[in-house]
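Per Swiss-Prot, the features are as follows:
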- 88-108: transmembrane segment (TRANSMEM)
- 117-137: transmembrane segment (TRANSMEM)
- 157-179: transmembrane segment (TRANSMEM)
- 191-211: transmembrane segment (TRANSMEM)
- 227-247: transmembrane segment (TRANSMEM)
- 255-275: transmembrane segment (TRANSMEM)
Amino acid sequence: MNWIEAALLGLVQGLTEFLPISSSAHLRIVGSFLPNAADPGAAFTAITQLGTETAVIVYFWRDIVRIVQAWFGSLTGKVERNNPDARMGWLVILGSLPIIVLGLLFQDQIESVLRSMWIVATMLIVFGMILAVADAVGRQERDLTQLSYKHGILYGFAQAMALIPGVSRSGGTITAGLLMGYTREAAARYSFLLAIPAVFGSGLYQLYKTVSNEGLAGPYGLPETALATVIAFVVGYVIIGWFLKFVSTRSYRLFVWYRILLGLALYVLLGFNVISA
């Protein structure tokens, strides 16, 4: 049964990681309804995210290679620092700093109290409303060539908010991008690139802890988690292409209503003790 549950959670991770609806919240919610009725845990979540971030690397492979080459070239002087690809490399590094620092400072809280379903429900609703405002009032004039270092660090703090399940990594960064005047597609694209260092760092750290301790602190072992990670990669790759096409022509209204309704449903389920916090 654990294999089936892990496969289902891998599917959920792949479907939700790149949408502004919080994959960690969905893993937490779906896990409560499975036979184990348990939180998959922060380690399981972080490791399966390695699958979806690998999908980002494969999907944006040419862009990433170009950015990395230009960034290294800027270090040796072969490429000017203001080269767009070199700048993007620096912007990704800069934007990754907040989540790394805050993730280390609040690691214990992230793995325990912040995974409360009450917090998940609240964050789904609150940040759904903020996304609605950003989508409505954002000028949506800027593209990524206009991304400044100041905006890069603001993106980074928005990403760090996703350490709280229910906020959504992509939701937080996309919301910040819209509020700063970037187009929906530009905000989503930078969100995907920005997540790579943070997610790989967190996932590899949790994988190291898991291997060192010979097991996961949760209902699923390493083999089941590996299966979930592979499924998350395959499904996530498909979702990236679909999502970028979707946001190029449509608003985020669908995701806003989904977040709010899901959060309200969680309040009801928690209030009637159908699921535990």
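Glycine is treated like the rest: Cβ placed from N, Cα and C.
Only sequence-distant pairs (6 or more apart) were considered; of these, fewer than three Cβ pairs between the transmembrane segment (157-179) and the transmembrane segment (227-247) are under 8 A, so the stretches are not in contact. For the transmembrane segment (227-247), the residues of the chain that approach it from at least six positions outside its boundaries are 3, 6-7, 9-11, 13-15, 17-19, 44, 47-52, 54-56, 58-59, 184-185, 188-189, 192, 220, judged by C-beta separation under 8 angstroms.
No contact links the transmembrane segment (255-275) to the transmembrane segment (88-108), because fewer than 3 Cβ pairs that are 6 or more residues apart lie under 8 A.
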